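Asker: Dropping a structure here in structure tokens format, bear with me for questions.
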């Protein structure tokens, strides 16, 4: 009896960890762009869905791993196009006005892109691969959860090394801390913004494809992914890269357990509740 | 002061003339379009007051309308009274929510961006809460709702339910516009303007900014809660889907910007234009999202002034206003 409960808790913890690492990656996508350019990218979820759709389309002709690589590259390319065209217009304004303009522009982009996607894709979709479950101590653990944990840890570790060891990574953090100071140090902020925006899109696209291994989604689900990402980023302190990872893992485990024991509505409300509490108690992070 | 009354009379005249001109028995489609225009005009005016004038971007209009609708429907059901009476309870509870949010936001000194994300999170959690309380709210399917009619009148041959709805909402809209005009022309309007332009300066001269922000928040959310049930009356159901972010908040944001922030006519013009567009595109839901999404981007980037200020400038340029004023009896030296 006790053993059964422990096994169930263990299996849930693994699922929760895998979901949490995905949350962390999505949240990182919001945090990077907000920290660097002051834009709350409400179109992030659409990019994750686009990446999943590209994988679905490409697996018809190439192996799934190759399809994933192409999908991430193509989504990143779309990110460059949008950053260079639409977001450059947003960067013309400053301060609070830029924040507002960023929200509305990316919200509009999200709605428009979702509309365009739903012209063709109406049903539910997922990454078409079967990963067998693994049995550990009598618990069946979803293979996809293990794949997600391993790959997202690799990606997050790579990000950590990038931001702590490379010149570009350090330059990015300099801009996040002090934009004017960074300019004095000879850092080209405009180019760095484009780079970081595309990086955030690539992270979100990878998170999307990994998400598609475990879950089905649809075009309308894109905005929910965005909102989740925003919540994780807020709880993590909005501009802290380490904070967002901790918040993501914590919230992923919390929501997995809540939805297993109390139902999915409660877990969703808890997720929003976490964001609301953080915003009211510690709004300094985001202003 | 006098000129305000002319503006309100003009709106009242137009509203009064719409049903005789366009409504016909058995032709409920057109009536519905006009009812929606007035309904959204009220919501947009509320957003104009709270966002346009006090810089508090509330992105949970849908949820506030839902609070109004469910309170109205459930109170009527529990107490066995007509929803016409419980409407007030719906409006008041919505107002209380609005006061709580704007009060917390004001004393915690949340910036406009934090308020917007906070209310966006509230929007989604309130709708999710409605979904989850299946025993009370009927969950995703909702509750049947059909109490906002006036039975003795409806039996008259020329009087339809649509006319009752339209005139009721018309009166609410006029009331809202009257409150709006009153606020703008009193010390409240000055206080709002001061808060919007420089909150620190406003505080430093002793202005109670919290009070004014909460008042704006209450008026707006009360109005939103009051008209929330009418969405349910139109569809015959109170269901969470009606009050989703995409169906309410996105539309009224576009309406407000199309029409013009901080003008009385802006929300009216904006809601008329967008509802018409929305109806034209009814058969193409996907294209509607593409168009509205693009509109949101383009409007905010290039056309943040809206139609009404644009026309106003144009009229000013040709001095039309002054000449029109001169034609009015008893007016010699126009203000401004």
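Note: Cβ is positioned from N, Cα and C throughout, glycine not excepted.
Taken from TrEMBL, the feature transmembrane segment covers B:33-51, B:58-78, B:84-105, B:112-130, B:163-183, B:212-232, B:252-277, B:284-303.
Help me picture where these features are in the structure shown.
Answerer: Long-range neighbours of the transmembrane segment (B:33-51) within the same chain, counting only residues 6 or more positions beyond its ends whose Cβ lies under 8 Å from a Cβ of the stretch, are 15, 18-19, 22-23, 57-58, 61, 65, 102, 162, 165-166, 169-170, 172-173, 176-177, 180, 183, 216-217, 219-221, 223-224, 227, 230-231, 234, 248, 251-253, 255-256, 259, 261-263, 266-268, 270-272, 274-276, 279.
Residues 43, 46-47, 50-51, 85-87, 89-91, 93-94, 97-98, 101-102, 115-116, 119-120, 122-123, 126-127, 130, 136-137, 143, 145, 147, 217, 220-221, 224-229, 231-232, 238, 240, 242-245, 247-249, 252 of the same chain sit 6 or more residues outside the transmembrane segment (B:58-78) yet have a Cβ under 8 Å from a Cβ within it.
Taking Cβ pairs closer than 8 Å, the transmembrane segment (B:84-105) reaches residues 50, 56, 58, 60, 64-65, 67-73, 75-76, 114-115, 118-119, 122, 147-148, 210, 213-214, 216-218, 220-226, 228-229 in its own chain, all 6 or more past its ends.
Away from its own ends, the transmembrane segment (B:163-183) comes close to residues 4, 7-8, 11-12, 15-16, 18-19, 23, 31, 34-35, 38-39, 41-42, 45-46, 48-49, 148-150, 153-154, 189, 192, 216, 219, 223, 226-227, 230, 233-234, 264 of its chain (Cβ-Cβ under 8 Å, at least six residues beyond either end).
For the transmembrane segment (B:212-232), same-chain residues at least 6 beyond its ends with a Cβ under 8 Å from one of its own Cβ atoms are 35, 39, 42-43, 45-47, 49-50, 53-54, 56, 58, 61, 64-69, 71-73, 83, 87-88, 90-95, 97-99, 101-103, 105-106, 145, 148, 165, 168-169, 172, 176, 179, 183, 188, 191-192, 195, 238-239, 242-243.
Residues 7, 11, 33, 36-38, 40-41, 43-45, 47-48, 51-53, 61, 177, 180-181, 184, 291-292, 295-296, 299-300, 303-310, 312 of the same chain lie 6 or more positions beyond the ends of the transmembrane segment (B:252-277) yet place their CB under 8 Å from a CB of it.
With a cut-off of 8 Å between Cβ atoms, the residues of this chain six or more beyond the transmembrane segment (B:284-303) that come close are 250-251, 253-254, 257-258, 277-278.
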